[in-house]
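Below is one structure, written out as structure tokens; comments come after it.
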Ligand SMILES: O=c1ccn([C@@H]2O[C@H](COP(=O)(O)OP(=O)(O)O[C@H]3O[C@H](CO)[C@@H](O)[C@H](O)[C@H]3O)[C@@H](O)[C@H]2O)c(=O)[nH]1
Ligand SMILES: [Mn+2]
């Protein structure tokens with residue numbers, strides 16, 4: 001007895017050591033760097049910062065599904081971020097090409113003039129007004145300024161008005177357009193009469209969508225016309241906020257609206273640009289990846305920040321210090337080999353019970369952290385700071401050097417001869433691996449058009465971005481860094497010719513015969529473009545960093561409705577199948593990728609296929625109950641030991657995951673359940689879809705994950721209870737039914753048998769019960785809101801089950817029983 005006790009203590013001690021054995025937090029001492037961030041020596045006398053610039057990319061696709069208010073709040077949280085203003089440039093890509101998004105962004109720009117200084121002055125967190133004003137905790141905590149309450153009240157009021165303006169936009173755009181259209185029609189009619197044409201001929205005036213300045217909106221019209229419909233419109237770029245002055249500008253007693261006193265605050269705002277790339281029928285626009293690539297080029301011309309932050313429209317900056325935190329990794333020694341810093345995705349508005357494992361904690365706190373120890377986490381599509389040169393498809397400096405456990409030892413080092421004494425060879429080492437052997441020299445201009453397309457300005461911006469992304473020269477062990485102060489120079493002003501060039505690079509044929517989407521930028525060909533894009537970089541030898549901040553860096557929304565969630569998982573799994581059947585399958589990885597990293601990526605492409613075994617696993621217990629036979633003929637010792645070992649391993653694995661990452665058992669269990677739910681519905685469907693694509697070339701559509709602006713709902717989680725029928729639900733329902741019936745059959749059989757063997761029944765139904773446990777959240781989801789689902793449904797399902805089971809017993813009575821006389 002005491003021995004078991006001691007053993008148990010030893011075991012739990014070991015468990016407690018686990019987190020220490022594999023430390024979650026990295027060893028880099030960021031405090032030194034943080035001091036540097038603040039140090040006055042990094043600023044020139046005029047107060048300009050020496051930090052590298054960051055271009056922020058936000059994508060939105062459809063104002064119907066992605067409410068403009070959500071996007072507006074995201075943009076505001078970015079505009080107010082804590083990073084030198086003159087070094088930030090914000091881009092919104094509008095794949096819908098809708099005037100609604102455009103005007104909402106214009107409103108955002110003007111509200112930002114109030115919001116951003118307010119945030120800076122009173123250190124508001126989070127800097128997303130919707131989130132800030134709906135916080136329930138005491139907003140006066142730690143606030144000592146006397147003018148805070150008054151100014152907060154004013155800004156709150158201003159925000160409310162802003163919100164109403166945004167809400168009324170669809171209506172006001174429609175009314176304006178109707179008025180203009182009626183006017184146009186009248187004019188056309190008059191003209192027709194003057195010309196003396198017969199009135200029988202119907203006159204045709206296109207129903208345009210009008211901008212407030214009385215001109216046609218060049219993008220998508222609400223009543224689609226040629227050249228003005230979804231997937232058929234011109235490219236649009238509009239700078240909503242001009243690039244800021246390079247020196248701080250303090251505000252006045254009461255700013256323009258007389259709202260707040262900004263004499264002590266820098267009131268400059270970062271540049272803000274609206275971009276809607278050109279779309280034409282017959283061109284593949286490559287969804288989000290295509291949108292991002294258009295932004296990469298536009299921003300190269302307009303601001304050329306050496307770093308790029310990517311956010312989805314439904315994710316916002318929750319911690320305004322996050323960019324600095326992330327940039328520390330880029331600027332720390334060794335940071336020159338980091339291609340991106342990924343932050344975990346955290347979500348809001350999810351039911352407290354997290355029924356469908358929306359938080360994905362096992363992925364974000366176990367898998368990603370573990371990958372951080374290999375060569376770095378995957379890119380997960382949002383909340384990620386990239387190095388521009390890594391996106392351009394260049395190799396990392398010292399790419400062939402990494403070594404270590406299961407890593408590759410230094411094998412060959414091809415150093416290119418220095419090009420004319422310029423400092424480029426650090427990014428230039430050619431790999432020794434087949435297809436990456438291509439020319440990787442930033443300045444070999446002959447190859448640039450083939451790779452990056454025909455913009456000379458874009459080509460010229462590349463080495464500049466590379467230089468600006470370098471480490472500081474005086475950091476220990478840095479060769480060819482940049483001297484301190486080299487970035488504290490004013491930015492060139494934006495002129496019309498620059499914008500014209502930026503428009504030319506978002507034309508839909510710009511990417512033709514270039515390597516965009518193949519080796520450069522976001523990679524095409526998978527609906528989970530994010531995984532592939534990150535993979536390509538790791539494959540070149542870049543490292544990435546997982547930056548888990550104490551206070552969430554970014555927060556977003558996730559679908560809490562069962563159907564939406566299943567469709568999201570379906571999209572991800574389909575993307576994985578696409579990757580599996582492409583050349584981005586980790587089986588073909590280059591030797592620069594560590595073995596375990598390769599295994600991780602291979603798993604990312606292969607996991608949907610495991611659903612086939614999962615399906616079998618869920619049906620087997622029922623089959624054994626039906627047939628009255630256990631899955632193995634006889635229970636021998638070898639089998640039992642095997643079973644025991646597997647079970648113990650699984651339990652230990654679970655314990656390890658939980659202990660190491662600090663997630664709760666509940667969260668872990670939710671993930672486990674949803675793994676079964678997804679694995680029996682979305683994953684097999686994805687495998688089928690993927691096979692169809694590979695074999696028959698059927699294309700896969702990117703269904704946007706629906707977002708909810710849950711302000712009008714009386715019930716915060718009303719979404720959760722909505723039941724929208726989907727074919728994906730068939731397999732799990734079948735599995736549930738079959739298992740329940742099987743349990744009933746087993747029960748009936750035992751009751752009516754001459755020598756009831758209850759223990760056998762118990763053993764048999766345990767596995768069925770286990771399967772049902774996993775599917776429980778799914779069943780709950782099907783039922784909708786408690787009470788709404790009529791009891792009759794339960795009665796019917798119960799009846800059907802009993803009838804079916806009785807039938808089964810009647811048809812195939814257990815051997816040796818003569819009791820069938822009912
Ligand atoms: O044609 C398109 C389709 C989508 N998007 C944008 O892509 C983002 C992601 O779409 P969403 O429907 O929100 O997908 P989620 O399931 O929430 O996204 C996760 O999974 C995607 C890959 O499947 C990644 O791209 C996302 O970054 C990641 O958050 C949104 O900002 C969209 O506006 C576009 O810009 N153009
Ligand atoms: Mn999303």
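Backbone N, Cα and C atoms are what each Cβ position is placed from, and that goes for glycine too.
The feature UDP-alpha-D-glucose binding site is assigned by TrEMBL to 59, 65, 66, 95, 287. Sequence annotations record features per position, and here TrEMBL assigns active site to 95, 530. Summarising the annotation, TrEMBL assigns Mn(2+) binding site to 288, 312. What TrEMBL records for 424-446 is region 'Disordered'. The compositional bias 'Acidic residues' annotation in TrEMBL covers 432-442. Annotation source TrEMBL lists transmembrane segment at 600-623, 635-656, 727-749, 761-779, 791-811.
Among the recorded positions listed (59, 287, 530), 59 has its Cα nearest to the Cα of residue 312 (Mn(2+) binding site).
The Cβ of residue 66 (UDP-alpha-D-glucose binding site) has 25 other Cβ atoms within 10 Å, all protein chains considered. Of the chain residues outside the UDP-alpha-D-glucose site list 59, 65, 66, 95, 287, 60, 61, 62, 96, 288, 291, 313, 704 have their Cβ within 8 Å of the site's Cβ mean position. Checking the recorded positions 59, 65, 66, 288, 312, 530 against ligand 2, the ones whose Cβ sits under 6 Å from it are 312. DSSP assigns residue 59 (UDP-alpha-D-glucose binding site) to a strand segment in the three-state reduction. Sparsest Cβ environment among the binding-site residues 65, 287, 288 (other Cβ atoms counted within 10 Å): 65. Residues near residue 530 (active site) in space but far in sequence (CB under 8 A, at least 6 apart, same chain), listed by position: 378, 379, 380, 381. Residues within less than 8 Å, Cβ to Cβ, of residue 95 (UDP-alpha-D-glucose binding site) and separated from it by at least 6 positions along the same chain comprise 59, 60, 61, 62, 276, 277, 285, 287, 288, 291.
Of all the Cβ atoms in the protein chains shown, 25 others lie within 10 Å of the Cβ of residue 59 (UDP-alpha-D-glucose binding site). Mapped onto three states, the DSSP output places residue 312 (Mn(2+) binding site) in strand. In this entry, UDP-alpha-D-glucose is bound by 59, 65, 66, 95, 287, whose most widely separated C-alpha atoms sit 15 angstrom apart. All chains included, 24 other C-beta atoms sit within 10 angstroms of the C-beta of residue 312 (Mn(2+) binding site).
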